[in-house]
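Under the heading domain 'Glycine transporter', TrEMBL lists B:8-82, B:94-166. Residues or ranges marked as transmembrane segment by TrEMBL: B:32-49, B:61-81, B:88-108, B:114-139, B:151-169, B:175-192.
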Amino acid sequence: MFSNTSEIIEILGTIAFAISGTFSAMQRKLDVFGVLIIAFVTSVGGGTIRDMLIGDTPVAWMRDVQVCLVILVTSVAAIIFKTYIRKLKVTLFLFDSLGLGLFTVVGLQKGINVGLNPGICIALGTITGCFGGIIRDILLNTIPLIFRREIYATVCIFGGAVYLLLLRFQVNTDISKFMVIAIIVATRIIVVQKQLSFPRMRY
Amino acid sequence: MFSNTSEIIEILGTIAFAISGTFSAMQRKLDVFGVLIIAFVTSVGGGTIRDMLIGDTPVAWMRDVQVCLVILVTSVAAIIFKTYIRKLKVTLFLFDSLGLGLFTVVGLQKGINVGLNPGICIALGTITGCFGGIIRDILLNTIPLIFRREIYATVCIFGGAVYLLLLRFQVNTDISKFMVIAIIVATRIIVVQKQLSFPRMRY
Amino acid sequence: MFSNTSEIIEILGTIAFAISGTFSAMQRKLDVFGVLIIAFVTSVGGGTIRDMLIGDTPVAWMRDVQVCLVILVTSVAAIIFKTYIRKLKVTLFLFDSLGLGLFTVVGLQKGINVGLNPGICIALGTITGCFGGIIRDILLNTIPLIFRREIYATVCIFGGAVYLLLLRFQVNTDISKFMVIAIIVATRIIVVQKQLSFPRMRY
């Protein structure tokens, strides 16, 4: 039915982050338009930074209006169905983690396609996964989630390393992608449920 | 007398935003040098992001020292004539809105030249118009103007849509530019005078 | 022994800024992983912005894993030997200033190689030297050092002007680099020791 797994992963990640951006902005009481901008930035931020770093310009969303429409529709839907979705707070968290997993894999694969060093591919995946949220938090003037106590970016790095290992052992690309997304989402859930964090060091 | 309308629009926008940056920085009591940096960033910020997004590098101001000189002279003049200009607070607001209108048109036209989709052109115009101010506010550690209650970016999007419509109906490019700049400036004035904002929603 | 002065300068600057980033992040009580990210961003931030502005992509650190390893090792070493290094607070400040001088020269030379206008080369040097620290401060949510009262970016601009003058008078490139680094470091020391700042103006 679908011609391209990567495309599906990208659209799903876009939807997941558009929802997370919409809700963050609503919590800060922005007007409707501010909410839409934050949803957009959260969704395309990681991929934009990724494309500017590797010089793949115009950046992805500029070549694909579809992405912009998906974000618009998702964000408006999230605003409308807010009461319903809010009750499903767990669902929202799952979407956010899913976005992180999906975009990390997109970034990883793009790094591999460009022929970057494995370590750099992991960095590119992590940047693609995390930077939308970082920009969102900077714009909303809060300390980025990534720098609070909770384990966040490390999950992407771990997932990236697993992905490269799977490919090295000749596992099918689509299966590897699916496994890594599952690992990232599962790890995030465990981290948040058990409130895991790196040991506070006495610097 | 002038060979190129686009060039004039760009220089006028540069001057307008250099003045707005200078005054914002003086309000935060930065030293002279900090004021010059903020004036520079406010002036070239939008165009720099625009050029990095579409991959037109080195970015505009790096290929044109004239722009840097214009900012320097404008900012120093604004510092010197501050008492005089401050009394003309309305004039300053007009310059700021004029900058927004001018740069939005520059960004729109650049998007069209590169052959981007109409919706993306509007986004590029909005980014060119608004991002200098966003970066200025982030550096001065205040919540960006764009996310406060006042209608701001929406004005650029509205102006951008009008511009594309005018071109579609074969209106002369220079006349279209002039009309859109006038529309953006006028809308901003009305918005601020009547303290219009999007209805606060109960999220 | 060394084939390339530029390379040595770049590695030394990387080390210097990795140490400064590590210590800033430890002061804000980030966990180990947050500390590593801040060290990385502080170290590569200036060069990344520089490369994106001139369109030399993929940006430098993506083409050179060595840089990432140097940052990792330096940051871990700084965390381990923190007690020892902290006593040598003066040494740390020297490293920070050394980083500023080293990276300014790297940026200047890159601008010259690309054939940019002299004034723009000075701007590029200043951006390369200062932006790692600016991004670090934005992420840690403090007002960037560059905008506090202390003279900072001006030192880079001054050093850049001297560098171009030396080259104009046909002084050997390596000697010029060494002199400019020495000038920037020395000026920073004098500025901080004598608590020099631009006169506070009554705006």
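Cβ coordinates come from backbone N, Cα and C, glycine included.
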Subject >> Average model confidence [pLDDT] within the domain 'Glycine transporter' (B:94-166) >> reply: 86
Original post:
For the domain 'Glycine transporter' (B:94-166), what are the DSSP-based totals of helix, strand and coil residues?
Top reply: 60 helix, 1 strand, 12 coil
**OP:** Please work out the helix, strand and coil residue numbers for the domain 'Glycine transporter' (B:8-82) from the DSSP assignment.
**Re:** 64 helix, 0 strand, 11 coil
